[in-house]
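> Structure incoming, see below.
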Amino acid sequence: MAGFGSWVSLARFIFGLCVLIFVLEHEMFAAADDAGSNEKGPEECRTDLASLLPPPYSNISQSKLSCMTVWNTFVLRHYQSEDGTLTIMLSAVYTTGWVGIGFSKDGLMVGSSAMVGWFNKKGQPKIMQYYLQGTAASKVIPGKGELPLSGVPAAVALHSSRIYVAFQLKLSKPLARQPVILAFGTAYPKHHRLTHHVDKTTIYVDFVAGSTSPGAKYVSERKRTHGALALIGWGLILPIGAIVARYFRHKDPQWYYIHAITQFIGFIIGLAAVVVGVQLYNEVHPDIPNHRGIGIFVLVLTILQILAFFLRPDKDAKIRRYWNWYHSWVGRLTLFFGAINIVLGTEAGHAGNEWKIGYGFLVSLVIAAVIILEVLFRMKRRNSTRLEVPSAFQMNPIEEALPNKEVRLPSHR
């Protein structure tokens, strides 16, 4: 009972630690969002746009415009009227190339629509909508997109080494907190084909409150953290623990301690992946019901495995064989759905080929190890079974059968 109490204390400590991590991370990112929401660009915001941009952009009073520095030299002005018309004016330091502002559904570049402005080599202003179908340059489609342009011509202007890009959206309802992508390139678009960006970021803009959340620019980094933790926890450490439990039981009791420690480490890392995933979901609200649902299912199965460990009956108990069956098959089910969810996550997060190749290599390595160890395991078990099978009929020597009798051979006379 003393050992059981110590394990319960350990479980309480781990649970409390996970709750503390979740709370601290939530407070940290909330503080970052609050700190960045008041960032302004007073110098540029005092620039009068009446002589730079055509109507209706020049007709909007400076007092009605929300103006703030959003990233590097990028300054965003916007005004949202009661009829649902959203006016966007973006400016940035400019020498060559292009600048763009995109509207995203989930904070990611893929699937977003953007307005891009530039001046060509002849000094002619250009502005066009693009649909970002993929990460490759060939997947950035000019003249396409989902932005509901109002019909008022977009405008581009150049003044004092700054470029100004202005356009209007006609919305069915006021736009509130929205993921916005900012990017720029230093090479001119060729035949309206954008060159690869030099740098980009993602922020949140509250077009009602007139504020930004610079913490949202870490969405991609947090997404990578979530994926890496899930891959290490459910894709590497937990499978290793399962392999130890099946193929190394002859190393008793070392296999048990290695299995328990490995699974607890994998559980903590997987739980950290869930915490980061919840934070990511609360910020971005992505439409990924399959990935999210399977993730919750895998987490529940993992928690059940941890609880089963603490409720493990004695070896001599009658229900021990049923517990072994339950623990083994629930573990296999957890690893199977965990692997599926990692694949779904790489697709939902538009992970690059390096993630897919890396995870494919990891899965291949685990499967190859399992196949080799399973073959060796069955061969060893077959050989041990043969050695333990008794003979069907055992013959005793005559001396053992008749120990007190003298054996005489018949004489031939």
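Cβ coordinates come from backbone N, Cα and C, glycine included.
Per TrEMBL, the features are:
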| type | residues | note |
| --- | --- | --- |
| DOMAIN | 71-185 | domain 'DOMON' |
| DOMAIN | 188-382 | domain 'Cytochrome b561' |
| SIGNAL | 1-32 | signal peptide |
| TRANSMEM | 227-248 | transmembrane segment |
| TRANSMEM | 255-281 | transmembrane segment |
| TRANSMEM | 293-311 | transmembrane segment |
| TRANSMEM | 323-345 | transmembrane segment |
| TRANSMEM | 357-377 | transmembrane segment |
> Mind checking which residues reach the transmembrane segment (227-248)? Cβ under 8 Å, same chain, six or more beyond either end.
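Same-chain residues near the transmembrane segment (227-248) but 6 or more away: 254-255, 258-259, 262-263, 265-273, 276-277, 298, 302, 331-332, 334-335, 338-339, 341-342, 345-346, 349, 351, 355, 359, 362-363, 366, 369-370, 373-374, 376-377.
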> Taking every residue in the domain 'DOMON' (71-185), what is their average pLDDT?
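In the predicted model, the domain 'DOMON' (71-185) has a mean pLDDT of 87.
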> Using Cβ atoms and a strict cutoff of less than 8 Å, what residues sit near the transmembrane segment (357-377) while being 6 or more residues removed from its termini?
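Sequence-distant neighbours of the transmembrane segment (357-377): 231, 235-236, 239, 243, 246-247, 339, 342-343, 346.
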> In the domain 'DOMON' (71-185), how many residues does DSSP assign to helix, to strand and to coil?
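Helix/strand/coil tally for the domain 'DOMON' (71-185): 3 helix, 65 strand, 47 coil.
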